[in-house]
(Lines of atoms letter the chains of each structure in order from A and count residues from 1; the text may use other names and numbers.)
(Lines give C-alpha, C1' and ligand atoms only; values in the text may rest on other atoms or scores of the structure.)
Protein backbone atom coordinates (compact mmCIF):
# COMPACT_ATOMS: atom_id res chain seq x y z
CA UNK A 1 0.00 0.00 0.00
CA UNK A 2 1.19 3.56 -0.59
CA UNK A 3 2.49 5.60 2.26
CA UNK A 4 0.25 8.51 1.37
CA UNK A 5 -3.45 8.78 0.87
CA UNK A 6 -2.95 10.26 -2.54
CA UNK A 7 -2.09 6.96 -4.22
CA UNK A 8 1.53 6.44 -5.28
CA UNK A 9 2.96 9.02 -2.87
CA UNK A 10 4.34 11.13 -5.76
CA UNK A 11 3.17 14.29 -7.51
CA UNK A 12 0.32 14.18 -10.01
CA UNK A 13 -0.14 17.44 -11.90
CA UNK A 14 -3.50 16.21 -13.14
CA UNK A 15 -4.94 16.59 -9.63
CA UNK A 16 -4.76 20.38 -10.05
CA UNK A 17 -7.63 20.05 -12.52
CA UNK A 18 -9.52 17.37 -10.55
CA UNK A 19 -11.20 19.96 -8.32
CA UNK A 20 -12.67 22.73 -10.46
CA UNK A 21 -12.98 25.22 -7.60
CA UNK A 22 -9.32 24.78 -6.66
CA UNK A 23 -8.37 25.14 -10.32
CA UNK A 24 -10.06 28.55 -10.43
CA UNK A 25 -8.39 29.53 -7.15
CA UNK A 26 -4.96 28.63 -8.50
CA UNK A 27 -5.59 30.76 -11.60
CA UNK A 28 -6.78 33.72 -9.50
CA UNK A 29 -3.92 33.56 -7.01
CA UNK A 30 -1.23 33.01 -9.65
CA UNK A 31 -2.42 35.82 -11.93
CA UNK A 32 -3.01 38.10 -8.93
CA UNK A 33 0.47 37.41 -7.57
CA UNK A 34 2.14 38.20 -10.91
CA UNK A 35 0.18 41.46 -11.31
CA UNK A 36 0.84 42.54 -7.71
CA UNK A 37 4.56 41.70 -7.92
CA UNK A 38 5.05 43.60 -11.19
CA UNK A 39 3.04 46.53 -9.80
CA UNK A 40 5.15 46.68 -6.63
CA UNK A 41 8.37 46.58 -8.66
CA UNK A 42 7.10 49.40 -10.91
CA UNK A 43 5.95 51.49 -7.94
CA UNK A 44 9.35 51.14 -6.26
CA UNK A 45 11.16 52.02 -9.49
CA UNK A 46 9.06 55.14 -10.04
CA UNK A 47 9.74 56.27 -6.50
CA UNK A 48 6.04 56.95 -6.03
CA UNK A 49 5.80 55.10 -2.77
CA UNK A 50 7.65 52.52 -0.76
CA UNK A 51 5.89 49.19 -0.58
CA UNK A 52 7.38 48.33 2.79
CA UNK A 53 5.69 45.35 4.46
CA UNK A 54 4.04 44.33 1.20
CA UNK A 55 7.37 42.83 0.11
CA UNK A 56 7.12 40.39 2.98
CA UNK A 57 3.49 39.74 2.07
CA UNK A 58 4.20 39.07 -1.61
CA UNK A 59 6.81 36.41 -0.84
CA UNK A 60 4.66 34.88 1.91
CA UNK A 61 1.90 34.56 -0.67
CA UNK A 62 4.34 32.98 -3.14
CA UNK A 63 5.33 30.27 -0.66
CA UNK A 64 1.65 29.65 0.11
CA UNK A 65 0.80 29.23 -3.57
CA UNK A 66 3.69 26.80 -4.07
CA UNK A 67 2.74 24.87 -0.92
CA UNK A 68 -0.86 24.54 -2.05
CA UNK A 69 0.21 23.38 -5.50
CA UNK A 70 2.36 20.66 -3.91
CA UNK A 71 -0.37 19.71 -1.43
CA UNK A 72 -2.93 19.24 -4.20
CA UNK A 73 -0.58 17.40 -6.56
CA UNK A 74 0.36 14.94 -3.78
CA UNK A 75 -3.24 14.81 -2.45
CA UNK A 76 -1.92 15.56 1.04
CA UNK A 77 -3.76 18.75 1.99
CA UNK A 78 -5.11 17.01 5.10
CA UNK A 79 -1.63 16.52 6.59
CA UNK A 80 -0.73 20.23 6.27
CA UNK A 81 -4.22 21.61 6.82
CA UNK A 82 -3.46 23.49 10.05
CA UNK A 83 -0.29 25.14 8.75
CA UNK A 84 -1.92 26.21 5.49
CA UNK A 85 -4.92 27.61 7.36
CA UNK A 86 -2.77 29.65 9.75
CA UNK A 87 -0.52 31.18 7.08
CA UNK A 88 -3.44 31.80 4.70
CA UNK A 89 -5.19 33.77 7.46
CA UNK A 90 -2.04 35.88 7.94
CA UNK A 91 -1.71 36.39 4.19
CA UNK A 92 -5.36 37.48 4.00
CA UNK A 93 -4.64 40.39 6.34
CA UNK A 94 -1.67 41.49 4.24
CA UNK A 95 -3.68 41.17 1.03
CA UNK A 96 -6.23 43.65 2.39
CA UNK A 97 -3.35 46.02 3.17
CA UNK A 98 -2.19 45.59 -0.42
CA UNK A 99 -5.60 46.59 -1.77
CA UNK A 100 -5.75 49.62 0.50
CA UNK A 101 -2.26 50.78 -0.51
CA UNK A 102 -3.18 51.46 -4.12
CA UNK A 103 -6.93 51.47 -4.59
CA UNK A 104 -7.23 55.24 -4.08
CA UNK A 105 -4.05 56.14 -5.97
CA UNK A 106 -3.98 57.76 -9.40
CA UNK A 107 -0.70 56.04 -10.24
CA UNK A 108 -1.06 53.05 -12.58
CA UNK A 109 1.58 51.01 -10.73
CA UNK A 110 -0.25 51.38 -7.42
CA UNK A 111 -3.52 50.50 -9.13
CA UNK A 112 -1.91 47.33 -10.47
CA UNK A 113 -0.80 46.46 -6.94
CA UNK A 114 -4.33 46.90 -5.64
CA UNK A 115 -5.82 44.85 -8.50
CA UNK A 116 -3.37 42.01 -7.97
CA UNK A 117 -3.97 41.88 -4.24
CA UNK A 118 -7.72 41.98 -4.83
CA UNK A 119 -7.53 38.74 -6.82
CA UNK A 120 -5.31 37.21 -4.14
CA UNK A 121 -7.79 38.23 -1.43
CA UNK A 122 -10.66 36.45 -3.17
CA UNK A 123 -8.56 33.30 -3.51
CA UNK A 124 -7.44 33.42 0.14
CA UNK A 125 -10.99 33.76 1.48
CA UNK A 126 -12.24 30.75 -0.49
CA UNK A 127 -9.13 28.76 0.45
CA UNK A 128 -9.86 29.39 4.13
CA UNK A 129 -13.41 28.11 3.67
CA UNK A 130 -12.14 25.02 1.87
CA UNK A 131 -9.48 24.23 4.48
CA UNK A 132 -11.62 24.81 7.58
CA UNK A 133 -15.02 23.40 6.56
CA UNK A 134 -15.87 20.21 8.47
CA UNK A 135 -17.96 17.39 7.05
CA UNK A 136 -21.00 18.26 9.17
CA UNK A 137 -21.04 21.85 7.90
CA UNK A 138 -23.58 23.02 5.33
CA UNK A 139 -20.67 24.47 3.33
CA UNK A 140 -18.95 21.08 2.94
CA UNK A 141 -20.92 19.89 -0.12
CA UNK A 142 -20.62 23.37 -1.65
CA UNK A 143 -16.82 23.65 -1.50
CA UNK A 144 -16.52 20.06 -2.77
CA UNK A 145 -19.25 20.26 -5.40
CA UNK A 146 -16.84 19.90 -8.34
CA UNK A 147 -14.39 17.48 -6.72
CA UNK A 148 -13.34 14.63 -9.00
CA UNK A 149 -10.51 13.08 -7.02
CA UNK A 150 -9.00 15.35 -4.35
CA UNK A 151 -9.26 14.10 -0.77
CA UNK A 152 -10.98 16.90 1.23
CA UNK A 153 -8.71 18.23 4.01
CA UNK A 154 -11.31 17.55 6.72
CA UNK A 155 -12.15 14.02 5.60
CA UNK A 156 -9.52 12.06 7.54
CA UNK A 157 -9.73 14.14 10.73
CA UNK A 158 -13.47 14.05 11.19
CA UNK A 159 -13.81 10.42 10.18
CA UNK A 160 -11.39 9.17 12.82
CA UNK A 161 -11.77 11.59 15.73
CA UNK A 162 -15.37 11.93 16.78
CA UNK A 163 -15.28 13.29 20.32
CA UNK A 164 -13.46 13.46 23.61
CA UNK A 165 -12.87 10.51 25.89
CA UNK A 166 -15.48 9.09 28.16
CA UNK A 167 -17.62 6.06 28.78
CA UNK A 168 -18.63 4.56 25.46
CA UNK A 169 -17.10 7.28 23.23
CA UNK A 170 -13.40 7.98 23.13
CA UNK A 171 -10.87 9.93 21.13
CA UNK A 172 -11.08 7.25 18.45
CA UNK A 173 -14.71 6.27 18.15
CA UNK A 174 -15.01 3.07 16.16
CA UNK A 175 -18.13 1.26 15.15
CA UNK A 176 -18.02 -2.20 13.65
CA UNK A 177 -21.29 -3.73 12.56
CA UNK A 178 -21.01 -7.45 13.04
CA UNK A 179 -20.37 -10.05 15.65
CA UNK A 180 -17.53 -12.19 16.88
CA UNK A 181 -16.22 -9.68 19.40
CA UNK A 182 -14.84 -10.29 22.84
CA UNK A 183 -17.38 -10.00 25.61
CA UNK A 184 -17.08 -8.60 29.08
CA UNK A 185 -15.88 -11.92 30.44
CA UNK A 186 -12.19 -11.47 29.71
CA UNK A 187 -10.78 -10.91 33.15
CA UNK A 188 -13.71 -8.81 34.21
CA UNK A 189 -13.64 -6.53 31.17
CA UNK A 190 -12.21 -3.05 30.83
CA UNK A 191 -12.71 0.10 32.87
CA UNK A 192 -15.76 2.17 31.95
CA UNK A 193 -14.08 5.60 31.70
CA UNK A 194 -11.07 4.58 29.63
CA UNK A 195 -12.48 1.35 28.29
CA UNK A 196 -12.24 -0.25 24.89
CA UNK A 197 -15.32 -2.44 24.60
CA UNK A 198 -14.55 -4.94 21.85
CA UNK A 199 -17.52 -6.48 20.11
CA UNK A 200 -19.16 -3.08 19.52
CA UNK A 201 -15.85 -1.36 18.84
CA UNK A 202 -16.69 1.72 20.84
CA UNK A 203 -13.10 2.55 21.69
CA UNK A 204 -11.89 4.86 24.42
CA UNK A 205 -8.62 6.71 24.58
CA UNK A 206 -7.06 3.75 26.32
CA UNK A 207 -7.97 0.96 28.68
CA UNK A 208 -7.20 -0.25 32.13
CA UNK A 209 -7.83 -3.90 33.02
CA UNK A 210 -10.30 -4.04 35.86
CA UNK A 211 -8.89 -7.36 36.98
CA UNK A 212 -5.87 -9.51 36.52
CA UNK A 213 -6.13 -11.53 33.33
CA UNK A 214 -7.17 -8.99 30.71
CA UNK A 215 -5.39 -9.13 27.33
CA UNK A 216 -4.22 -6.03 25.53
CA UNK A 217 -5.95 -4.80 22.37
CA UNK A 218 -2.98 -5.81 20.23
CA UNK A 219 -3.14 -9.37 21.60
CA UNK A 220 -6.75 -9.91 20.58
CA UNK A 221 -6.41 -11.34 17.08
CA UNK A 222 -7.88 -14.01 14.92
CA UNK A 223 -6.15 -16.81 13.16
CA UNK A 224 -5.69 -14.63 10.08
CA UNK A 225 -4.16 -11.86 12.16
CA UNK A 226 -6.69 -9.19 11.34
CA UNK A 227 -7.93 -8.46 14.83
CA UNK A 228 -11.54 -9.38 14.09
CA UNK A 229 -13.71 -12.29 15.11
CA UNK A 230 -13.04 -14.73 17.92
CA UNK A 231 -10.05 -13.95 20.15
CA UNK A 232 -6.83 -15.87 20.10
CA UNK A 233 -4.79 -15.25 23.21
CA UNK A 234 -1.13 -16.09 23.54
CA UNK A 235 0.64 -16.75 26.79
CA UNK A 236 2.46 -13.43 26.45
CA UNK A 237 -0.86 -11.60 26.47
CA UNK A 238 -1.85 -12.69 29.96
CA UNK A 239 -1.46 -9.99 32.57
CA UNK A 240 -1.50 -12.18 35.64
CA UNK A 241 -2.06 -10.83 39.12
CA UNK A 242 -3.19 -14.13 40.50
CA UNK A 243 -4.18 -17.50 39.16
CA UNK A 244 -7.81 -17.27 40.28
CA UNK A 245 -8.71 -13.61 40.69
CA UNK A 246 -12.08 -13.02 42.28
CA UNK A 247 -13.08 -10.70 39.41
CA UNK A 248 -12.60 -13.29 36.65
CA UNK A 249 -15.90 -14.35 35.16
CA UNK A 250 -17.13 -17.62 33.79
CA UNK A 251 -16.47 -16.51 30.21
CA UNK A 252 -12.75 -15.82 30.80
CA UNK A 253 -10.35 -18.26 29.09
CA UNK A 254 -8.70 -20.65 31.52
CA UNK A 255 -4.94 -20.36 31.95
CA UNK A 256 -2.76 -23.19 33.19
CA UNK A 257 -0.45 -22.70 36.13
CA UNK A 258 2.56 -22.50 33.81
CA UNK A 259 0.98 -19.78 31.64
CA UNK A 260 -0.05 -22.03 28.72
CA UNK A 261 -2.69 -20.56 26.40
CA UNK A 262 -6.25 -21.75 26.48
CA UNK A 263 -7.32 -24.29 23.90
CA UNK A 264 -9.06 -23.02 20.74
CA UNK A 265 -12.26 -24.77 21.78
CA UNK A 266 -12.31 -22.90 25.08
CA UNK A 267 -11.49 -19.51 23.58
CA UNK A 268 -13.89 -19.78 20.66
CA UNK A 269 -16.79 -21.27 22.57
CA UNK A 270 -18.61 -17.94 22.69
CA UNK A 271 -17.86 -16.90 19.10
CA UNK A 272 -20.53 -16.73 16.45
CA UNK A 273 -20.59 -17.57 12.76
CA UNK A 274 -18.53 -15.57 10.29
CA UNK A 275 -20.18 -12.27 9.27
CA UNK A 276 -22.13 -12.09 6.03
CA UNK A 277 -20.60 -9.62 3.59
CA UNK A 278 -23.82 -8.58 1.87
CA UNK A 279 -22.69 -5.27 0.37
CA UNK A 280 -19.98 -4.03 -1.96
CA UNK A 281 -18.46 -0.55 -1.91
CA UNK A 282 -15.90 1.32 -4.00
CA UNK A 283 -13.23 3.51 -2.39
CA UNK A 284 -13.62 7.17 -3.37
CA UNK A 285 -10.18 8.02 -2.01
CA UNK A 286 -7.08 6.13 -0.99
CA UNK A 287 -6.70 5.51 2.76
CA UNK A 288 -3.72 4.57 4.92
CA UNK A 289 -4.62 2.70 8.10
CA UNK A 290 -3.60 4.14 11.45
CA UNK A 291 -0.48 2.31 12.63
CA UNK A 292 -1.71 2.53 16.24
CA UNK A 293 -5.02 0.81 15.45
CA UNK A 294 -4.64 -2.82 14.32
CA UNK A 295 -8.33 -3.05 13.40
CA UNK A 296 -8.10 -0.59 10.49
CA UNK A 297 -7.14 -1.65 6.97
CA UNK A 298 -5.64 0.35 4.11
CA UNK A 299 -7.06 0.52 0.62
CA UNK A 300 -6.42 2.30 -2.65
CA UNK A 301 -8.66 4.63 -4.62
CA UNK A 302 -11.19 2.76 -6.77
CA UNK A 303 -10.74 -0.54 -4.91
CA UNK A 304 -13.93 -2.58 -4.37
CA UNK A 305 -14.44 -4.02 -0.86
CA UNK A 306 -17.02 -6.37 0.65
CA UNK A 307 -19.06 -4.75 3.44
CA UNK A 308 -20.99 -6.37 6.31
CA UNK A 309 -23.28 -3.48 7.21
CA UNK A 310 -23.57 0.03 5.78
CA UNK A 311 -24.63 1.79 8.99
CA UNK A 312 -22.39 3.94 11.17
CA UNK A 313 -19.18 5.83 10.47
CA UNK A 314 -16.98 2.72 10.42
CA UNK A 315 -17.80 -0.36 8.36
CA UNK A 316 -16.47 -3.88 8.70
CA UNK A 317 -14.91 -4.67 5.32
CA UNK A 318 -12.98 -7.36 3.48
CA UNK A 319 -10.48 -6.75 0.70
CA UNK A 320 -10.05 -8.98 -2.36
CA UNK A 321 -6.93 -10.54 -0.81
CA UNK A 322 -8.95 -11.68 2.23
CA UNK A 323 -7.73 -8.96 4.62
CA UNK A 324 -10.51 -7.81 6.94
CA UNK A 325 -10.89 -4.79 9.19
CA UNK A 326 -12.77 -1.52 9.56
CA UNK A 327 -12.87 1.35 7.06
CA UNK A 328 -14.26 4.93 7.30
CA UNK A 329 -17.67 5.08 5.64
CA UNK A 330 -17.15 8.56 4.19
CA UNK A 331 -14.37 7.14 2.00
CA UNK A 332 -16.69 4.53 0.47
CA UNK A 333 -19.53 4.49 -2.06
CA UNK A 334 -21.97 1.59 -2.04
CA UNK A 335 -22.42 -0.21 -5.34
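Heads up, the Cβ atoms here are built off N, Cα and C, so glycines get one too.
For 1-20 (among others), the entry in Swiss-Prot reads topological domain 'Cytoplasmic'.
Positions annotated as transmembrane segment by Swiss-Prot: 21-41 (among others). Taking Cβ pairs closer than 8 Å, the transmembrane segment (21-41) reaches residues 51, 54-55, 58, 61-62, 65, 68-69, 72, 98, 102, 109-120, 122-124, 126-127, 130, 143, 145-147, 150 in its own chain, all 6 or more past its ends.
The average per-residue pLDDT of the prediction over the topological domain 'Extracellular' (42-52) is 82, rounded to a whole number. Positions annotated as topological domain 'Extracellular' by Swiss-Prot: 42-52 (among others).
Among residues of the same chain six or more beyond the transmembrane segment (53-73), those with a C-beta under 8 A of the stretch's C-beta atoms are 11-13, 15-16, 19, 22, 26, 29-30, 33, 36-37, 40, 80, 84, 87-88, 90-91, 94-95, 97-98, 101, 113, 120, 127, 150. Residues or ranges marked as transmembrane segment in Swiss-Prot (evidence: sequence analysis): 53-73 (among others).
For 74-83 (among others), the entry in Swiss-Prot reads topological domain 'Cytoplasmic', with the evidence type sequence analysis.
Annotation source Swiss-Prot lists transmembrane segment at 84-104 (among others), citing sequence analysis. Distant neighbours of the transmembrane segment (84-104): 36, 39, 43, 49, 51, 53-54, 56-57, 60-61, 63-64, 67-68, 71, 77, 110-114, 116-118, 120-121, 124-125, 127-128, 131-132; these residues of the same chain sit at least 6 beyond its ends, with a Cβ under 8 Å from one of its Cβ atoms.
Residues or ranges marked as topological domain 'Extracellular' in Swiss-Prot (evidence: sequence analysis): 105-111 (among others). Helix first, then strand, then coil: DSSP counts for the topological domain 'Extracellular' (105-111) stand at 4 helix, 0 strand, 3 coil.
According to Swiss-Prot, the feature transmembrane segment maps to 112-132 (among others).
Sequence annotations record features per position, and here Swiss-Prot assigns topological domain 'Cytoplasmic' to 133-335 (among others) based on sequence analysis.
Marked as region 'Disordered' by Swiss-Prot: 238-272.
Per Swiss-Prot, domain 'SH3' is recorded for 276-335, and the stated evidence type is sequence analysis. DSSP places the residues of the domain 'SH3' (276-335) in helix, strand and coil in these numbers: 3 helix, 25 strand, 32 coil.
Beyond the ends of the topological domain 'Extracellular' (42-52), by six or more residues, the same chain brings 101-102, 105, 107-110, 112-113 to within a C-beta distance below 8 angstroms of the stretch. Applying DSSP to the topological domain 'Extracellular' (42-52) sorts its residues as follows: 5 helix, 0 strand, 6 coil.
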